[in-house]
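Quick paste from Swiss-Prot:
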TOPO_DOM  1-36  topological domain 'Extracellular'
CARBOHYD  Asn2  N-linked glycosylation site
CARBOHYD  Asn15  N-linked glycosylation site
TOPO_DOM  62-73  topological domain 'Cytoplasmic'
TOPO_DOM  97-110  topological domain 'Extracellular'
TOPO_DOM  134-152  topological domain 'Cytoplasmic'
TOPO_DOM  174-202  topological domain 'Extracellular'
BINDING   Glu201, Gln279  Zn(2+) binding site
TOPO_DOM  225-252  topological domain 'Cytoplasmic'
TOPO_DOM  275-286  topological domain 'Extracellular'
TOPO_DOM  309-348  topological domain 'Cytoplasmic'
MOD_RES   Thr336  phosphothreonine
MOD_RES   Thr340  phosphothreonine
MOD_RES   Thr342  phosphothreonine
Amino acid sequence: MNGTEGPNFYVPFSNATGVVRSPFEYPQYYLAEPWQFSMLAAYMFLLIVLGFPINFLTLYVTVQHKKLRTPLNYILLNLAVADLFMVFGGFTTTLYTSLHGYFVFGPTGCNAEGFFATLGGEIALWSLVVLAIERYVVVCKPMSNFRFGENHAIMGVAFTWVMALACAAPPLFGWSRYIPEGLQCSCGIDYYTLKPEVNNESFVIYMFVVHFTIPMIVIFFCYGQLVFTVKEARAQQQESATTQKAEKEVTRMVIIMVIAFLICWVPYASVAFYIFTHQGSNFGPIFMTIPAFFAKSASIYNPVIYIMMNKQFRNCMLTTICCGKNPLGDDEASATVSKTETSQVAPA
């Protein structure tokens, strides 16, 4: 084995020279230079400074403007709530531990940080699944004049939390475990060991199949069908130009969210899968640290995409920030096409 396993940790560094110490008790400066830990802390500080205001503003603006409280926006707000969980439950912890060079909060703090990070990531993934299904049902119309209403949105939000908890909670109750990863300053699922005492192998397989592969299959299926439907509708001119443009803009926004999710999380998932399927292989702490910390940037991109691509929300946000006046002078009529709500279109 090229790493050192302890009772509740796995350090990707051989203890042949006797330098490895528990990441819960001692600085891990034998893994990297102190300045590298400081860089991680600076990165986490940046994510907090950007992540909290933009996600909080997303929630606040929606509460202030009734016109934004559409069913589809419930799912988008769910993403903002999940991001805030990551900011407060994970980022603040990782910032503090990076400044100290080890996970100072012990195994209990590791469980909390790992739980919030996993919960936030899974809520985001399952929210994208719900959005993909919504786009498929509304645009492809397999159920005729189906309209995505408030009850559907509430059920969708509840579904994302149930599925996310089904992934994030088991390690807290003895099925798998959360341990420090990479430079030992943040925590995640144990991909490093089989750990039969906690049935770790079965949990990791369950996680990759149920909470990553299946959601990806659903998302790609929905958007694959959607592309064909949009092409047919365009060729036959079955819907009004305004309706087509509105549906196209919403669909494009959600697709960009999916692409951004893949960019942030696929490197982490790929490295985790490699580590799990190559037990005992030789890899350094940076190998997992970079994708793990890069994945944390996911807390920023969803609200940024939403603000950039939804003109109505952008106008409402500027009005809120500027105390009731929009400096751009855009009226609501110009934003009608960009409203993030589903239209009820006659079936093909």
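For all residues, glycine too, the Cβ spot is worked out from N, Cα and C.
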Using DSSP, what is the helix/strand/coil residue split across the topological domain 'Cytoplasmic' (134-152)?
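Breakdown, helix to coil: 10 helix, 0 strand, 9 coil.
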Taking every residue in the topological domain 'Cytoplasmic' (62-73), what is their average pLDDT?
85
Go through the chain and flag residues at least 6 beyond the ends of the topological domain 'Extracellular' (174-202) whose CB is under 8 A from any CB in it; none is fine as an answer.
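Distant Cβ neighbours of the topological domain 'Extracellular' (174-202) are 3, 5, 8-12, 23-24, 28, 31-32, 36-37, 40, 90, 93-94, 97-98, 101-103, 110-111, 113-115, 117-118, 272-273, 275-276, 279, 285-290, 292-293.
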Please report how many Å separate the Cα atom of Gln279 (Zn(2+) binding site) from that of Asn2 (N-linked glycosylation site), as a whole number.
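Answer for this pair: 9 Å between alpha carbons.
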DSSP three-state call for Glu201 (Zn(2+) binding site): helix, strand or coil?
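DSSP assigns Glu201 (Zn(2+) binding site) to helix.
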Near Asn2 (N-linked glycosylation site), how many other Cβ atoms are within 10 Å of its Cβ?
12
Between Asn15 (N-linked glycosylation site) and Asn2 (N-linked glycosylation site), find the distance joining the two CA atoms and give it rounded to the nearest Å.
8
Give the helix, strand or coil assignment DSSP yields for Asn2 (N-linked glycosylation site).
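Assignment for Asn2 (N-linked glycosylation site) reads coil.
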In whole Å, how far is Glu201 (Zn(2+) binding site) from Asn2 (N-linked glycosylation site) when you measure between their Cα atoms?
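It is 19 Å, counting Cα to Cα.
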For Asn15 (N-linked glycosylation site), just give me the three-state DSSP call.
coil
Per DSSP, what is the residue tally for the topological domain 'Extracellular' (275-286) in helix, strand and coil?
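Here the numbers are 4 helix, 0 strand, 8 coil.
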